[in-house]
Structure formats: C-alpha cells, structure tokens
Amino acid sequence: MKNILVLFSHPKFEKSRANAILVDKIKDKEGVTFHDLYERYPDFNIDVEAEKALMSAHDIIIFHHPFYWYSCPPLMKQWIDVVLEFGWAYGPNGTALQSKKCLNVITTGGSRELYCSQGSNSYSVTEFLRPFEQTANLCGMQYLPPFAVMGTHKIEIEELHTYAEQYDSLLDVLQQNLKRTDVRGFSFINDIPQLQTTDKI
Amino acid sequence: MTGSILFEAIVFLLGAIICVSIAKRLGLSSVLGYLLAGVLIGPYVLGFIGNEGDDILHFAEFGVVMMLFLIGLEIEPKNFWKMRKTIVGMGGLQVAATMLLSYFLFILFGFDKTVALTLAMATALSSTAIALQTIKEKGLLNTNFGQSSFSILLFQDIIVIFMLGALPLLANTDEPAIEHGNEHANLLQNLPLGLQTLAILVSVVVIVVAGKYLIVPMLRKVAKTGVRELLIAAALLIVFGISFLMELVGLSPALGAFLGGVVLSNSEFKHELESTLEPFKNLLLGLFFMAVGASINFIVIANSPLTVGGILLAVIVLKALVLFITGSVFKLKLNQKLLLTFGLAQIGEFAFVLLSFAFQLNILEQDQMDMMLVVTALTMTFTPIIGMVNERLLLPRLGTKESIKRPMDHIAKSQKVILVGFGHFGSTVGRFLRTHGVEATILDHDSNRVDFLRKMGFEVYYGDATRTDLLESAGIAEANILICAMDNPDVIKQLAKTVKDKYPQVKIMVRAKNRYVAYEFLNMEIDHIYRESLETSLKLASEVLSQMGFRKYTLQRQAQNFIKYDEDSLRRLAKEGQIGDDNYIFKARKELEQQEKLLEQDFKRGIVEFDSHWDSEQIRVALENPDT
C-alpha cells in the first residue's frame, strides 16, 4: 500500500464549507498523513528539514487547497519555495522525489464550464495548473490530473458529501497503485472509470 | 471520665479521624463515618460522651448554617429566582403529602390527634445536613436530582418557621405552656401576626441591602489590610451576624445564611469566602453528625424494639414513597428519582428542635419524644446506608447515568481556563481571550484592581492563588488550562508545582520573567514557557537593523530563526544554567557567565545565511562547477 501525504493549505479553514466536508472524510484515513500547513506554520516559518523528512516518507503527494486567483494560497507557495531545495528536489543530486506521484486537489468557486476559452476564466484548470505540473516534472515526479470540486458557491451539501466519498475512493485507488495509463486522456481525475459509481455526479 | 473540654475535644477529633478514614477507605460517605463515630463514643458504647451530647448538637447545628451560606454563595440571584417554581412546587407537594400520610400513620400507631399531627410535622422535614453534604461530596449539586433535593430542603427550611408558630396553637391550653422553659423566645413572639410578617420581610430586606452596601465594602477594606486572618474573622462575622438577626426575628438562621450567601454570590469575594469557611463548615458538620450518633438512646430501643423498628421502617417507606411520587410529578428521570427518593427519606435535624419545643408545650410526653428522637437519629443513620445500597445495587441495574452535556460546537465554552494574575501581562492575555468569547476565571490578589476590573465587566476574583482551597473553589479540578501570569516568579513556581502535583491533567502555561526563571521552569518539567522579553527585544533589534538598511522581511525571517535557535539553547542550557538561591553577588556573577556563554555561541554562529532558495547564487555556483 502506498503512503499518501496530503499537504493541505487553507488560511480560513474554519469558515470553509466544501473543504471542511472533504477534509473530514479523509483526514483520519489509514495510510494517509493529513498535514494542515496553516495550523502547523501560522508564522510561515516552515521547518524545512521536517518537511523534507515527511516528503521522503511518502509515495504520493497531494496539494490540497482552494483555488485562489488561479493558484494556491501563499503559505503553500512558500512551502514549495523553501522545501523543494536545489540539490535535494532538483538540480545535481536532487533526486529525493524521483518517481513519486503528485496531484492537486482543488476547490473552485466557478463551475467547470467557466474554465475554457469561451468562459469568463478564459483558460482551463489544466492550463492554470501548469506551474504545479512543471514543478513535479522538474523534481522527477509523475504529475496526475487534478481532483476538482467546482462551482462551490452554488453547490448543495449533499453533493459535497458525494464529492467527499469520491475523494475517499480516489485515495483508495491511489493506495492500490494507479498506473499512468489509467489517467491518460482525462483532464480531471474525477472522471476516471475507477471512480464512477452508478449514481454519477 | 468526661468533663474536661480538652478531653472531649480529643475524643471527638480522634473518633472522627479514625471512623471517617475507615469509612472513606471502605468507599462509604463521610457522613456515615461521623455518625458511627458518634455512636461509638456516645453514652451507650464507650461512654466517653454523656448527656452533654445535646448541647453539642445545638452548637454543631451551626455547621448547617454555614453550609447553607456556602450553598447560597454558589447560587446567583437570577438562578435562585428561576428555581422559585421548583421550590414551592416540589417542596410544597413533598411536605403536604408527607404530613398527610404520616398523620394517618401515627394515628394507626395509636397516638392521639395532636401528637400525631406534631409527629407528622417532624416527619415531613428531611435533613439538610445529611442530604446536602452527601450531594456535595459526590459533586451532584448541579444535576436534576441535586437541584430538586435542594429545592425541597429549602422549602422545608421556610415551612419550619410556620410549624414552630403553629405548635403553641396545638398545645393543651389547660396547662401552663412554659413549664419546661421556653428557649425559643424571640422579640416578636408577642406581636400580632401582621407585624411579625412585616418584621420578617424587613429582616430579609436588611440582609439583601447590607450584603451589597455594608458587607462588600467591609470586605474590601479588610482585604486592603492584607492580613489574612482578618478576612477569616470577617467571614465568620457575616455568618454569625446573619444568624443572630434571624434568631432575633424567629427565622431559621440557616435560611438567613442562605439568603446572605445568595446576595454575596455576585461579589468578587465569593471564592475567598468559600475557601475560608469551608473547613469550619466541614468540622462543625462532622461534629453535628457525631452528636446525632451519640444521641441515639439505645435504652429506648431496647425497651420497645418493635415499636421503634416499626415506626422507623414505616417512616422511611412513607417518605420514600412521597419523594418518588414528587419526582414523578416533576418528571425526573428514573435514576434521578431514585437518588432523590433515598437521599431525603430521613427525618432531619429540625425535628430535634420541633420535638423539644412540642415537649415544652406539653404536647408530647417524655417517652414519646425520646422515641421520636431515636427514630429521627436512626433514619439519619440509615440514609447513607440506603443510599449506598441504591447506588451499588439498584442504579447499576437500572442503567441510565446522567451525562453532563457540554455544548461542544462552541469552542469558547468547552474548555475551562483559569488565569492567575491580571497585571500588565495577564490583562493582555485576558483581553485577547475575551475578544474570542473565552471568559477565563481570573484570580488576582490586588483588591483595588479586582474592584476596578469588575466595574469594567470582567469576572475577576480576589484571592491568593497559591492556596489550594481557593484554586479548588475556582474550579481547578475541571480546568483544562491554567495560565500563570503573576509578576513574582517564586509565586508562579509555587503555584505551578502545587497544580502539577495535584492536578496533572491541567495544562500549565507560565509567564517567565527572564531566561533564568525559564531554566527553573524547564527543570520543573513545565513545557509551556513564555518569556516576556524575548520577542519584544527582537522586534526592537529588528527595527534598529531596518533603520540601518537591512530589508524588513529578511529581518523578520532572521528573528524567527533566532527565536528557534534561542529556544533550543535554552533547553540545552537549562540544567547547567540554574542560578539557585545563593547570595546576590554570586548570583550576579553566575548570570554574567551565562551571558558570556551565550554571546560566544552567537559569535560562532555568525550571520546565518538561509532562505537560499530565494536567491540564485547557489544555482549559479553549481552551474559554474558542474563536477561538485
């Protein structure tokens, strides 16, 4: 079974609706380390060595965050800046993360339809997530398509619970070693056949 | 063998110590231990105490008065007002039903009507001393059962006044009523009823007004002197004063004391009064129970064991039945109902007063009174035993245990925080907590400040927090967090040590004046240490460096880093860094040595370069020398 590290960052988690439900579902799951960055580093003073050790101990890294201004909250960016060190994560001898898998789990206010060239957000989620994808590539990690809960401004609670179930199943699938070919052609990992139950979202 | 006061005191104290500790070891209530001690030292077993037991009983009744004062302290006026329906409803139902049923019972036993009515009155009353002591010992005062018991007992305290007033009307007018000497004379006895009622109302008002405008200012003055025993004297004065006033107008002193307690429950001296009077109350109550035990007349029992046994059984069953019905009418849960049923099924200490008064009025004959006194004392002795049977055998089978529900959705209320010291440091802590709806219980020893802060709407109590009893009444047993924010490190050390030993579940967070104090805390194995000067001085230093041209964010990162480094070195040096309580010069020299060591360390460390990910130098170097 693969170990999963969920790097969660949300500057106002106590007010969040969607993330509260998602996190609640998976935070105590076996084989999953839930790491709440804003709770651990309220002063942005990230303990780099501790974070590196944590990364090394896991096979799959999930960047779980709300999609603020088409990116992650600032502490997560800080985390990426300081933890993915030159000579450790990338560059000469920077092989610590080789062949780990990584993906983003995001929540967006706008719905999926708005993220396209005709929509008000002009670009797709995949395009907005290019920096994460390339960061993963540079560190030798396999980047998987994102798990996205979209349109959270209007979503019903029941539907959020369905998403949480799906998130939970996704972690199961990841723990059982998902192959790269399984996700080929999907923009969202939500859509892979393994996560489709009879009552489709 | 009796006679000497010292000898009697030794007998009582020894009896209490031996019997109560045995009772406690066996898991019984202390009340039972005291009662048995009384029987043991009384005239029929060891004979250490003779007939003076009665006088002791009167004296020791004062314990009941103090207990009601203390209970009053825990009930705020607005809560008391909320209870009024339960008091009149439950109390009224219990007293009326018990009197009615036991009247017929005593007729059945062959007493004539007047006697039966008198005995019925006595039977209707339960023992505040035994019931409440047991309830408090188990910490059940705030449960449904506790509140119900309390309401009923309070109603009885009120109704007993009317009973005492009614007794002379029952007396056989042919005989002179004062044959046995009337010790219940009071100022108002010869006044018409309307004026008596008025006087009673006036005295209640006097207590309420005096509490606010006389007692609290007096306590403030006393507190300002800083002499502790004066506060004890003042506390006793309050209780004695109220009792005296009440006896003067013919009211129950216990009732007056209760009122006085309620009036003072809003004052900042609440906890101080509680902890001061608690030991007196406990000892006096113990004495009271022992006196009850000693007063059991075994000759009466030996002469007519069947009658005594019959009445005893009948009375307990009858009282229990009425209480069970009362509990049902007021919709208590089954287990609460059973606790109430068995908790109050005894005849109380007021019966002693009532019966001896009836005897003076020639309503009762000597043997009737003796018999009833024996029954009363026996019911009191049996209640703790019955209660134990209920708890051990009955309740576990019936299952439901009242769980105290806490509103978990509301973070602010779910944890109890005690903040000691409300000076410059503590007040900031308290203010910030308060802006988040966390109302810490605050203790401070400066009565001026307490007064001022209370005016500002803070809940602040006056007292010396190193005293365990005060901490206990502030609720340390249920507290999650204790914040020590006092100015004097020695006091903090003492407090932290006490709490760490006695209440290991409480998280202790301490203010440390400086590095050396922090060392001592670390060596006491206190982990949550907040050095008051560390972050402020780094902030100042950063400001200086910023004026000299360093970038602010870099300084912020460096300061964060420095704190981490300093905390590490603090923990490392704690063992060797201890200064101890040696003389001043030696201490100063040792501090200098420490200082030197730190500076040396800093120098070796130099300016630490980190956050290199935000500059490209590292990468540039690597690109220039691809081999390394």
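Yeah, the Cβs are placed from backbone N, Cα and C, and that goes for glycine too.
Annotated domain 'RCK N-terminal' per TrEMBL: B:414-530, in sequence order.
Here TrEMBL flags B:6-24 (among others) as transmembrane segment. Sequence-distant contacts of the transmembrane segment (B:6-24) (same chain, at least 6 residues past either end, Cβ-Cβ under 8 Å): 30, 32-34, 36-38, 40-41, 48-49, 52, 286-287, 290.
What TrEMBL records for B:31-50 (among others) is transmembrane segment. Within the chain carrying the transmembrane segment (B:31-50), a Cβ under 8 angstroms from the stretch's Cβ atoms is held by residues 1-2, 8, 11-12, 15-16, 18-24, 56, 130, 133-134, 137, 285-286, 289-299, 380-381, 384-385, 388, all 6 or more beyond its ends.
Sequence-distant contacts of the transmembrane segment (B:56-75), counting only residues of its own chain at least 6 positions beyond either end whose CB sits under 8 Å from a CB of the stretch, comprise 49, 83, 128-129, 132-133, 141, 150, 157, 238-239, 242-243, 253-255, 257-265, 270, 273-274, 277-278, 280-288, 290-292, 294-295, 349, 352. Sequence annotations record features per position, and here TrEMBL assigns transmembrane segment to B:56-75 (among others).
Marked as transmembrane segment by TrEMBL: B:87-109 (among others).
The transmembrane segment feature in TrEMBL is assigned to B:115-132 (among others).
The annotation transmembrane segment is assigned in TrEMBL to B:152-171 (among others). For the transmembrane segment (B:152-171), the residues of the chain that approach it from at least six positions outside its boundaries are 68, 87-88, 90-92, 94-95, 114, 117-118, 121, 124-126, 128, 131-132, 177, 184, 200, 250-252, 254-255, 258, 323, 326, 344, 348, 350, 353-354, 357-358, 361-363, judged by C-beta separation under 8 angstroms.
For B:191-215 (among others), the entry in TrEMBL reads transmembrane segment.
Sequence-distant contacts of the transmembrane segment (B:227-245), counting only residues of its own chain at least 6 positions beyond either end whose CB sits under 8 Å from a CB of the stretch, comprise 62, 65-66, 69, 203, 206-207, 215, 218-219, 253, 256-257, 259-260, 264, 272-273, 276-277, 280, 464. Residues or ranges marked as transmembrane segment by TrEMBL: B:227-245 (among others).
Remote same-chain partners of the transmembrane segment (B:281-302), defined as residues 6 or more beyond its termini with a Cβ less than 8 Å from a stretch Cβ, comprise 12, 15-16, 20, 30-31, 34-44, 49, 53-54, 56-57, 59-64, 66-67, 70, 129-130, 133, 308, 349, 367, 370-371, 373-374, 377-378, 380-381. Per TrEMBL, transmembrane segment is recorded for B:281-302 (among others).
Marked as transmembrane segment by TrEMBL: B:308-326 (among others).
Under the heading transmembrane segment, TrEMBL lists B:338-359 (among others).
Residues annotated as transmembrane segment in TrEMBL: B:371-389 (among others).
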Notebook entry, point to check: Which of B:191-215, B:308-326, B:338-359 has the most Cβ pairs closer than 8 Å to the transmembrane segment (B:87-109)?
Noted result: B:308-326
Note to self: Do any residues, 6 or more residues outside the transmembrane segment (B:308-326), come within under 8 Å Cβ-to-Cβ of it, and if so which ones?
What the structure shows: 90, 93-94, 97-98, 101-102, 105, 109, 123, 126, 152, 300-301, 337-338, 340-342, 344-347, 371, 374-375, 378-379, 382, 386
Next item on the list: Could you please provide the mean pLDDT value for the domain 'RCK N-terminal' (B:414-530)?
Entry: 85
Checklist line | Summary of DSSP states over the domain 'RCK N-terminal' (B:414-530), given as helix, strand and coil counts | finding: 54 helix, 24 strand, 39 coil
Margin query: Give the nonlocal contacts of the transmembrane segment (B:191-215) in its own chain as ranges (CB under 8 Å, at least six residues past its ends).
Written below: 161, 238, 242, 245-246, 248-251, 256, 259-260, 263-264
